[in-house]
């Protein structure tokens, strides 16, 4: 910074965040609060709300960015990143800019913190100066992202203070105590006289009304759902729910669901994704409302604090209980650290206050992580553990994790099932380190639904990362476990295409633990791999299964791919596309390695050339991965 910049107080410290699930926002807000506690005003905004052409005029910017999927940029960052990649930007464009990058990633993935790394490199290329080395948070660390964040922030304040002491008028060590600093909540709640509210809102339950209620609740929630996602695309009716695994299978339960369009059908393609909004347990909702001393029958509207009663802000009142049910995850998601900070201010019992203050201190960080994230404590459980805390509804609305939709790969072809959508769902349950049983909210809710009871489910349709292939494209599909879901749709579609024209070969590699317990859709695959079906070797394809636990040596899909390396290589040479779907932990990396070895072995090329060959395949849009944790 030039000396003229040093004369006046710097403008607010700009913090830009790019988040997919909310974690990067949480970190960015924490960085902002820690700066403000040191007397430094901040301007915190989502990167898609920022005009990247202004970057050169900023002076200082802090970036907090997450990496999603297989090294992908979070949706809100796509436009910003595209702008930074423009060829006409010179290496001096950001010469006056000081920046710091903190990334959120998961070292279980191959491209760990890829977005933070490439952003850091690009800013350097454009002439910007790093304040400190980039920080890389790791979800796999025993203390989560916080482990890398705390030391990174301490360095950041010290280095910022060196660049411009005016950021911290009392030095970076100075801290305003929590009690004096506690910001006002971002929202205010208005209560409405029930008589004034049209009673149809609370009683009418036709499908349109369900969609309207969801839209209303999500629109007034302070959590910004993208605008087009407030109202569900449609409401589906459940017509079939059947287990695909053996009932005695202790550690694996998978269900097949069939839904019907009730109003007009939405057009979708194979490879698309269905987002489902789950229903919460009514008993948990009642317990939360009781614990927080709320009136479930009252009608409320939620407004941003900054806005006075503006006409723009006129929204229809919604019943408090409905608002909680549809927007606040009270009994499955864990609260964030900020929740504990605010709780410490409202705790009236001294021992509870001390414990909460310890949890949010640097010394208590690991214990909080063990108590909260590792044990997957829910908001309701945390509030019950600290009975003296009475948080106002404003803070609860702001801080309780939002009720999120869950994504599932669609497992049907619309050509095969014109009025239906099918899902293949792993019913999630696990035991925490302290041996507490936990269950996934959406999958367990779905698994218990009875089609006889006339059940309606609110959904949104999305494009996934598996584009629908044309019939002339040879395919190599790898989908162990529920990773087979999208490929059931692919095979159905190709079978229908083969009735009217010629289709290219399809090889499918499936994997499961035992032939008897979790061989999902067994009859379906076998029927298509016989009698000249689309998966038959006679048609140049093939269907191969790895049963990992049916013998002493574990056999996985990558071993089966290598077993058939010659045929795989021949299909690749004919221009095949590779599609991989399933668990994100090790499988996608192991499969990629298997392809590298096959290409090297069958072509006689050295390993590094095989790596380049695969990279070219990815660039050409012929290597697709959809993985989930």
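Placed from the backbone N, Cα and C atoms, the Cβ positions cover glycine too.
As recorded in TrEMBL, the features of this protein are as follows:
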DOMAIN    13-157  domain 'Flavodoxin-like'
BINDING   19, 20, 21, 22, 23, 24, 66, 67, 68, 69, 139  FMN binding site
DOMAIN    231-469  domain 'FAD-binding FR-type'
BINDING   376, 406, 407, 408, 409, 440, 441, 442, 443, 628  FAD binding site
BINDING   482, 548, 549, 554, 555, 556, 557, 558, 590  NADP(+) binding site
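Shown on the structure are the features that TrEMBL records.
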{"residue": "19", "record": "FMN binding site", "Cβ contacts under 8 Å, 6 or more apart": "25, 28, 46, 66, 74, 76"}
{"residue": "21", "record": "FMN binding site", "Cβ contacts under 8 Å, 6 or more apart": "66, 68, 404"}
{"residue": "23", "record": "FMN binding site", "Cβ contacts under 8 Å, 6 or more apart": "66, 104, 145"}
{"residue": "139", "record": "FMN binding site", "Cβ contacts under 8 Å, 6 or more apart": "104, 105, 106, 107, 108, 145"}
{"residue": "407", "record": "FAD binding site", "Cβ contacts under 8 Å, 6 or more apart": "273, 274, 275, 462, 628"}
{"residue": "409", "record": "FAD binding site", "Cβ contacts under 8 Å, 6 or more apart": "271, 273, 274, 423, 424, 464, 466, 482, 485, 486, 581, 626"}
{"residue": "441", "record": "FAD binding site", "Cβ contacts under 8 Å, 6 or more apart": "278, 280, 329, 331, 332, 406"}
{"residue": "557", "record": "NADP(+) binding site", "Cβ contacts under 8 Å, 6 or more apart": "478, 480, 509, 510, 511, 546, 587, 591"}
{"residue": "590", "record": "NADP(+) binding site", "Cβ contacts under 8 Å, 6 or more apart": "556, 558"}
CB-centroid shell, 8 A cutoff, FMN site 19, 20, 21, 22, 23, 24, 66, 67, 68, 69, 139, site residues removed | 74, 104
Tally of DSSP helical, extended and coil residues in the domain 'Flavodoxin-like' (13-157) = 58 helix, 34 strand, 53 coil
Determine, to the nearest whole angstrom, how far the Cα atom of residue 443 (FAD binding site) is from the Cα atom of residue 555 (NADP(+) binding site).
-> 28
How many neighbouring Cβ atoms, not counting its own, are there within 10 Å of the Cβ of residue 549 (NADP(+) binding site)?
-> 13
With neighbours defined as other CB atoms within 10 A, the best-packed of the binding-site residues 66, 68, 443, 482 is 66
Would you measure the largest Cα separation among 19, 20, 21, 22, 23, 24, 66, 67, 68, 69, 139 for the FMN site and round it to whole Å?
-> 15
Rounded to a whole angstrom, what is the largest C-alpha distance between any two of the residues 376, 406, 407, 408, 409, 440, 441, 442, 443, 628 that the record assigns to FAD?
-> 25
Only counting partners 6 or more residues apart, tell me which same-chain residues put their Cβ under 8 Å from the Cβ of residue 555 (NADP(+) binding site).
-> 546, 547, 548
Averaged over the domain 'Flavodoxin-like' (13-157), what pLDDT does the prediction give?
-> 92
About how far apart, in whole Å, are the alpha carbons (Cα) of residue 549 (NADP(+) binding site) and residue 376 (FAD binding site)?
-> 29
Including all protein chains displayed, how many Cβ atoms other than that of residue 376 (FAD binding site) lie within 10 Å of its Cβ?
-> 14
Taking every pair from 482, 548, 549, 554, 555, 556, 557, 558, 590 (the record's NADP(+) binders), the biggest C-alpha distance in Å rounds to 19
